[in-house]
Amino acid sequence: MNARPKKSFGQHFLHEKRYIERIVSAISPRADDFVVEIGPGEGALTLPLLAAAGKLTAIELDTDLIPDLKARAASVGELSVIHSDVLKVDFTALAHRHGVERLRIAGNLPYYISSPILFHCVEHAHAIQDMHFMLQKEVVDRMAAEPGSKVYGRLSVMLQLVCRVEPLFVVPPGAFRPPPKVDSAVVRMTPLGADQLPDADPARIHTIVKAAFAQRRKTLGNALKNVMDAQAIMAADVDPKARAETLSPQDYVRLARVAAE
Ligand code: SAM
């Protein structure tokens, strides 16, 4: 088909077979999986995923792509398309509606809203088995960064507190039509079990992490002064002279617990 890719929808269609195969093999869909694809586009991933899983639910915002996608999928498996902005799709309700415990989510994401999509998905982490996403490599680096790294920040802490984040492989611009300006990478995110989740209010963790990284050159004592004082920071076993990027995700959980006292 070869529709003209729309910049406003972040359309960069994958065409290199070996990368399509590597992504599908990383996902390894099985016949009883409930696979949800975000942004199927022209179906580069949809059709092989559908062939392996037998059925698939795809969420696509661009109406123009849907009829052709459905026509091509008809002989491959049972494709259901939700025409919507993915940020408006309630994944928990979708799983309930289909009587499944956990969804497997995948997608070569539209880069203009990649962070909002990641945060939207982790809000529904309890209804998700795993996620495989193509993103800008720079975003994957930030997601998986460890304390002390230059790119460790809010995204790293907030995602690592609820998911295991595994960068899988890099995909060069030439694998897409049109080529994006930057390298891309595929990442796997696996939601943690209930017993591994932070034992503190998520909203409070978010407030603290946001304040800490908003002024990452300042000491924590300074950056958090509107949220908690130096004594409270010390009570969480954290040095108020430390900087945001040196704290582990668990340090932030302890700060949130003390701030709630
Ligand atoms: N999966 C295809 C591929 O790999 O060739 C297309 C990937 S392209 C990078 C991103 C896709 O997401 C496009 O099909 C685009 O129309 C769709 N999209 C953009 N914004 C969206 C949104 N808010 N909700 C759902 N889909 C969206």
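The backbone N, Cα and C atoms fix where each Cβ goes, glycine too.
What TrEMBL says about a protein is an automatic prediction, not a curated fact.
Of all Cβ atoms in the protein chains displayed, 29 besides its own lie within 10 Å of the Cβ of Asn108 (S-adenosyl-L-methionine binding site). The S-adenosyl-L-methionine binding site annotation in TrEMBL covers His12, Leu14, Gly39, Glu60, Asp85, Asn108.
Positions annotated as domain 'Ribosomal RNA adenine methylase transferase N-terminal' by TrEMBL: 19-193.
When the binding-site residues Leu14, Gly39, Glu60, Asp85 are compared by the number of other CB atoms within 10 angstroms of each CB, Asp85 has the fewest.
When every Cα pair among His12, Leu14, Gly39, Glu60, Asp85, Asn108 is compared, the largest distance found for this S-adenosyl-L-methionine site is 20 Å.
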